[in-house]
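Here's what TrEMBL has on this protein:
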BINDING   GLY95, THR96, PHE122, ASP207, GLU208, ILE209, GLN210, THR263  pyridoxal 5'-phosphate binding site
BINDING   ARG125, SER262  substrate binding site
MOD_RES   LYS236  N6-(pyridoxal phosphate)lysine
Amino acid sequence: MSGFVFSEKPITIESGEGPYLYDDNGNEYLDFGANYAVTPLGHSHPAVTDAIQSQAEALTYVQASYPNTVRTELYDRLAAVSPGDLENVWLCNSGTEANEAAMKFARAATGNSKIVATKRAFHGRTMGALAMTWKKKYKAPYEPLAGDIEFVSYGDAEELASVVDEETAAVFLEPVQGEGGIHPATVSYLESAREITEDVGAALVFDEIQTGVGRTGTLWACEQSGVVPDMLTTAKGIANGLPLGATLCADWIAENHGDHGSTFSGNPVVCAAANATLETIVSEDIPTHAGDIGSYLMESIEAAAEEHDLPVRDVRGNGLMIGVEVKRGANRVLRDLALNSGVLALPAGRTVVRFLPPLIIEEEHADEVGTALTEALS
Ligand SMILES: *Cc1c(COP(=O)(O)O)cnc(C)c1O
């Protein structure tokens, strides 16, 4: 039997270590995307595995209205590393739930319902977050979705200013659009979004579910702009593979958040994994490494494209969030990478090959992928 929602790949993955995955025949794959940004420290990182094991022996569940030391530690850690003063932490189980909570909190805190999102955005697949997601294919079979959402062109501050008004609850932005094709925002766009929302008392929400946890060279991508949102959502890599989402909120949001909840909020095993992940990422300064190695990889892909006259239209991204726009279908390139070189990557739209490797990769791994991509495109 197989699940019916995902179309499954023809390899069975059984184990992983660092940037490598292994199938049931012992074949090795270099994971530059199969982890979907979920394992910044690589697969089966020993510090995270130890934390999971010892917490599983102590306690696997208690509801979040009972304080628990590992959960409190995670609240404190996230508050300490949040941009600005987003010290109020809501914990949930996925990215889409973190965004759902942000939508609810913004509506409760402002008393408004209108939410502004961007074309090409991806914010998740539940009925609220899906309504803020752009792609019609993801939405059409499930309509009607949550209402009162308006879309603007990503990067156009004037259009944003013309749509955001006194009726607006929130503006949602990815600092680098991921799923939509790897499009980084400019600093001035994020600054404008901050001014425009502040002027009318709307919440600015940064969806850092893909950009966060060090991927772009700083712990949060928005740090590079100096812009502090009213809420920041994170998930994917925050517990190095265990299901965790978080919504980090400013005081004015937390003070008037309505009545929200979730059974598994702040599960101790998941919190223990997140504590170990954050501790390792911060103490080993993994974000700086991700920024350096990301620049190295991007430059080597650009150099190879020029030298070998590869069918590449654009190479863009930030840190280890890289998109290579090719002049042919991305899926064929991805297939060649996997079958001929054992390199796993993922698409972002029809023509973009997306690399989201674990942040602990070294130059040798980047070189291997550069060579594999050159072969696949030659
Ligand atoms: C993956 C992703 C989500 C959704 O996260 P899930 O955990 O799959 O619900 C939301 N926003 C962005 C930017 C993402 O990359």
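Backbone N, Cα and C define each Cβ position, glycine as well.
Automatic prediction, not curation, is the source of TrEMBL annotations.
Spatial neighbours are here defined as Cα atoms within 10 angstroms of one another, and by that definition the neighbours of ARG125 (substrate binding site) among the recorded positions GLY95, THR96, GLN210, LYS236, THR263 are GLY95, THR96. Spatially close to THR263 (pyridoxal 5'-phosphate binding site) yet at least six residues away along the chain are GLN63, judged by Cβ distances under 8 angstroms.
The residue listed as 'N6-(pyridoxal phosphate)lysine' is 7 Å away from GLN210 (pyridoxal 5'-phosphate binding site) when you measure Cα to Cα. Non-local contacts of GLY95 (pyridoxal 5'-phosphate binding site) by the CB criterion (under 8 A, 6+ apart in sequence, same chain) comprise HIS123, GLY124, ALA129, ASP207, ILE209, THR233, THR234, ALA235, LYS236, GLY245.
Separating the Cα atoms of PHE122 (pyridoxal 5'-phosphate binding site) and SER262 (substrate binding site) is a whole-number distance of 23 Å. A helical conformation is recorded for the residue listed as 'N6-(pyridoxal phosphate)lysine' in the three-state DSSP classification. Filtering THR96, GLU208, SER262, THR263 by Cβ distance to ligand 1 (under 6 A) retains the following binding-site residues: THR96.
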